[in-house]
Structure formats: C-alpha cells, structure tokens
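This report refers to the structure that appears directly beneath it.
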Amino acid sequence: STDPKALTEAVRTALDVGYPLIDTAFVYGNEAVIGNVLHEYFSSGKLKREDIFITTKLPFLVHRPAEIEAVVEKQLKDLQIDYIDLYLIHVPCPCKPQPGGTPATGYKSLIENGQLVPDPVDHVDTWKALEKLHKDGKLKAIGLSNFNQKQIQHIIDHATVKPHNLQVETHIYWPQKELFDFCKKNGITFTSYGPIGSPGRKTFRPEGNWPEGEPMKDPLVLELAKKYNKTPAQVPAFIASFANS
C-alpha cells in the first residue's frame, strides 16, 4: 500500500499476529512509514529488533558503486534501524536516472525516445559495494532479486562474499526448478514471491496479468482445494513450496 494510514495499520496488524519478516524496497516508497511502526514497537518494548527480519532492496536507478552507500544510509534512517537483515539488488537491469536525484529527494528515470536508458554498470561492481557494507555490519546478508542463472554465476565468479539469497517470482505456471537447483548447488537460499499469483497486482495493472488464467482460479487448483478442504490460495502455495524443496 502507498497510503500511509492503511500501511501503518497493516504493519501493526502483521506484527501483532506474529509476522516475523517485513519485505520492502526503496522503490516502494514506504520505508519511512514502516520505520515509524517499527520504532513504535521497539521503543515500547512490544518487540525487540532481533524479533523482526527486514529485507529491502537497492533501486534500479542506483547501481553505481559511489552512490550506493548513501542510498543504504537513507534506508536505514527511514526504517529507523542500525542494520538490514537482508539487502537485495532489486533487478539486474540498471537504468540511468535524471540528473539531480538524491536519496533524500528520490530518483526519476531518464527517458529517451519513450524508453528507459540502460546504465552499463557491471553487476560485479555493484556487488562489491554491497560486500563492503556487509563487512561493515550494515547489511547482515546480501543477495539478488530477479536475476537469472548466468547473471548470478557472473557474480559468484568474482565475489568475495557469495550471494546469500535469491528472490524471484515462482508459482504453478513458473516453478523455476532449474534456477532453484542451481541456487541449492551454490549454497544460495531461495525466496519465492507471488506463489499464489499476486492477485493484488490488479490494482496496478487493471488489464490483467494472466493470459492463461490466474493460478487461484485454475480448474485443477479449485478441484484440489475442494477435495482436500483447503482454500484456493493454500493449494498453489503448497505446490510451489513442494516443487522447490
């Protein structure tokens, strides 16, 4: 949610019922709101910092090494914490920002001929900047999001610290088994996003996301849910976890 009031209540509810993990990102624009709730719970003694695992991500407009630490410092300030549990490079396709952007004011994409402008930064250079922040203790673990096997291998070949985690989209229509096996072989933990098909995306993409039909509305999913007395959400989530195990 981008609505501060709704997000505040959502985070409070999540913490109250025992959610142990918060996943956010610079580009989501909600870290300051989340930080206010975290401060509320930590300062009141309701929770300790070590009770909550916080994942956030590097924006695609800031992959140049000299600019990364300032972004991370802004995220730490907004989240009102001293360290981030897991920090991911959000996407493997860096693009150039418009001139003048800063962590405080934000960044806007540079557009030429109606297109984003790629920024030719080697993933290894970006990774080395994260390794330094990991060594400094600001990032307890570092990883990747939306990277493919070739891109991950390139980083592994030049890394001092191998990626700790990969976060990618997986669901019954895209199980990513080969990528999961690659990560397992290389000691990289694997996080799935969208395992039930991300029904909330309709808010941002009214035209729809699933030419083949939504996972939770798949006839087989509905049949299995009825047979085993489960919800349509539980079936694809179970299949996703079972397939990559």
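Count begins at 1; order follows the chain as displayed.
For all residues, glycine too, the Cβ spot is worked out from N, Cα and C.
Keep in mind the model is a prediction, meaning the values are calculated, not measured.
Features reported for this protein in TrEMBL:
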- 3-235: domain 'NADP-dependent oxidoreductase' (DOMAIN)
- TYR28: active site, proton donor (ACT_SITE)
- LYS57: site 'Lowers pKa of active site Tyr' (SITE)
- HIS90: substrate binding site (BINDING)
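Taking the features listed in TrEMBL, we show where each one sits on the structure.
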residue	record	DSSP (3 states)
TYR28	active site, proton donor	helix
LYS57	site 'Lowers pKa of active site Tyr'	strand
HIS90	substrate binding site	coil
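Recorded residues LYS57 (site 'Lowers pKa of active site Tyr') and HIS90 (substrate binding site) have their alpha carbons 5 Å apart, per Cα-Cα distance. Annotation for the residue listed as 'substrate binding site': same-chain Cβ neighbours under 8 Å, separated by at least 6 residues, are ALA25, PHE26, VAL27, LYS57, LEU58, PRO59, PHE60, SER145, ASN146. Cβ-based crowding with a 10 Å cutoff singles out LYS57 as the top-ranked of the recorded positions TYR28, LYS57.
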